[in-house]
Amino acid sequence: WLAITVEVCGGLSLIFSQSILQYIISRFFIGLGDSGRGVCLYLLILETVGTKYRTDIAMSVSFGWIAGYIALPACAWLLHDYQYLQAIPTSIALIFMCTWLLTIPESPRWQLTNNQIEKARLTIAKAAKMNGRITNPDYMSDKFNQLKLNTEMSQNTAKGQQHRTILDLLSHRVMRNYTLIFWVSFAVNAFIYHGISLNVQQIGGNLYVNFAIAGLVEIPSLILNIVGLRHVGRKAFTITTMLLASLSYLTIVGLGAYKEPMGASYETVKLVLAMFGNSFNVIYIHSGEIFPTVLRHTGIGSCSIAARIGSILAPFVKEMSEHYNFGVSMMVFGLLALMATILTVFLPETKDREIPDNMNDVEELRDLGRRHSDEIVEIVT
C-alpha cells in the first residue's frame, strides 16, 4: 500500500511537472514506489502459493510485464508526449489502489514469523474457504499447524530482533556466501537486460520496432523458463540460460569479422542473438526460495538494490558502443554472464522443496545440495 501510494503520487507530480527539477524528483519517487511494489507483490506470491504451483504462478505473472513492455513503444509512438504516456500507468495504478488492492491478504508466513498468530489463522481460513476446503476443518488445522511449526525456530531466533537489516544476511556464513553471489548475479543480469533494452537503437533498425521485438521475444523465453524450472530445476536451468546468453553475446563479437560477407543478414542475426538469453526472472525465483522467511524481504530488497547498480551502468553501454564498437559491449555482456554462470554453480537446488523459514532450513538446503552434487559426481565417474 505504501509503495503504490508513493508511485501514484510520483506519477501525478510528473504529469503536472512545471520544471525539470520537479520532473527529476517525480521520476525518483516513481522508481522508489515501483521497486517497492514489485518486490512486495513477488514475495507475497512466493509465500502464499504452495510448492507444486509456486514457480508456475510466480513466473506466469510476468506476462503482465511483457504486455506493458510491448504496449510502451506503441503508446510512445502514438502519443509523443511524456505527460500523456505517464498518465496511462498512473491511472491504472490508481484504479488498482481503489479496487483490487483491497482484496489482497497478508502473507501468513510473514504473520507467523512476526508473532501475529490469530491474524495468520484468519488468513489461512480465508484461503481454505476460497479453495473450497473450508468443509474440512482438519485440512485447515493441519496446514496452519504445519506453517506454525516451520516458523517456531524463526521466532525463537528473532527474539529481540524486530528490525532485521542487511547485516543479518552477512553475519551468517552460509547466508553471506549466497547473498554475495546473488548480489553479483542480480547486478550482472540487470546490466545486460537494461543494456539491451535501453540501447536497442545500437542493434540497428527502427527504435520502436526493436523495443517491441525485445518485449515479444520474452514470451517464448518466459514459456521456456516455466517449463525449464518445472522439469530441470532452478540451479541447472539458471546455469543453462546464463551460459547460452554468454555464448550468444560472444558470438556477436565473432560475427563482427564477417559483417561484409554476411551483408543484410548480419543485422538480423545480430538482433536475434542480442535478444537471446534472459534469466532475470529465473534468479528471482531461485533467490526467493533460498532466502529464509525471516530475511526474505531484506534479501530480495538488497538484491534489487544490487540490480539497480547494474541498471545505472546500463545506459553507458551506448557511450561504449559509440566510442568503440557494438562488439565491445557484447564482449562485456558475454564475460559478465559467464562469471555469473560460474558463481551460480555454488548455489543449492530448491526445486520441489519448501521455502526456508530460518537459517537452519538454509543450512539443510546446502547439505541437500552437497549430497546431490556428490551423487552426480558418482554417476559421472
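Glycine is no exception: its Cβ is also placed from the backbone N, Cα and C atoms.
Quick caveat, the model's predicted, so the values are computed rather than measured.
What TrEMBL says about this one:
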type	residues	note
DOMAIN	1-352	domain 'Major facilitator superfamily (MFS) profile'
TRANSMEM	20-45	transmembrane segment
TRANSMEM	57-79	transmembrane segment
TRANSMEM	85-104	transmembrane segment
TRANSMEM	178-196	transmembrane segment
TRANSMEM	208-229	transmembrane segment
TRANSMEM	236-258	transmembrane segment
TRANSMEM	326-347	transmembrane segment
Stretch among 20-45, 178-196, 326-347 sharing the most Cβ pairs under 8 Å with the transmembrane segment (57-79): 20-45
Positions on the same chain near the transmembrane segment (178-196), where near means CB under 8 A and six or more residues out: 169-170, 203, 214, 245, 249, 274-275, 278-280, 283, 287, 290-291, 299, 302-304, 306-311, 313-315, 317, 329, 333, 336-337, 339-340, 343-344, 346-347, 362
Beyond the flanks of the transmembrane segment (20-45) by 6 or more, those residues with Cβ under 8 Å of it: 2-11, 13-14, 54, 57-58, 61, 104, 107, 284, 288, 296-297, 300-301, 304, 308
